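Enquirer: First the structure, then my questions, so here it is.
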Amino acid sequence: MLLQYRRGASLLHRISPLSKLVMLAAWTAAVLNSEHLLVQGLMFLVLLVIGKLGAGLPFSQLRKAVFFVLSFGLPYFVLTTLAVPGKELLWELGPIHIAEDSMMLAGALTVRMFNLFVSSLLFITTTDPRDFVHSLTLRLKVPYRFAFGVSIALTFLPLLEEEGRVIAQAHKVRGSEPKTGIRNKLRYYRNYGVSILVNCVRRVQQTAGAMEAKGFGAYPERTYLRVRRFSRYSAWYAGGSVLMVLIGMVW
């Protein structure tokens, strides 16, 4: 599954969740600050290197992430190219105008989507939800009810992905694949989305019942069986990321 924590001993696995959260926020700020295609492309290449060397992700998972974003990034690129007006006209056919600066901006915004998704993917795949809860409650003193809500959200992502895969296979076995035509495809994907939503609500009800049966939230404080220690250089990594982003923005 794509959006799931993977155990490992890579550099990103050894950094504390809060430090990685700061690094992710700094990276997001840098990505959103630029609208140049070359800058976004270089940042994307850096992310791929970090994913392989810093997170230990296989190329198959990185390739899967790229194709996933490409499934909606390519239509976004086309629509943005056609919708945004430009000055340097490249091609014209009736009401359709394609300009070079519009295409460059659309490319930058599309690659930005890749950067945001892949950076979030690196955070999710290298951060154990339990460690993230520990960091929020013990370090930031966040109420553990809120922290566990974040943990459940991170845990449900791979479950929903698996649920969607199972439902798609069930539809295929029953012979209910989408027929030709936009209306038939929309009807198929509507039913597909409703099936996922129903299963999601069912899982939420089961989780809420289990938490209530175990007395979750009965006490103001909570103890933890396992508290993991991370690299002492985690804060330096976070501070260095923020400093590099600030220098890049000023430069």
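Cβ atoms are placed via backbone N, Cα and C, with glycine included.
Among the features that TrEMBL reports, transmembrane segment is placed at 21-50, 65-84, 105-124, 233-250.
Locate each feature and note its surroundings.
Expert: Remote same-chain partners of the transmembrane segment (65-84), defined as residues 6 or more beyond its termini with a Cβ less than 8 Å from a stretch Cβ, comprise 2, 96-99, 102-103, 105-107, 109-110, 113-114, 117-118, 121.
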Enquirer: Mind checking which residues reach the transmembrane segment (21-50)? Cβ under 8 Å, same chain, six or more beyond either end.
Expert: 12, 15, 62, 104-105, 107-109, 111-112, 114-116, 118-120, 122-123, 237-238, 241-242, 244-245, 248-249
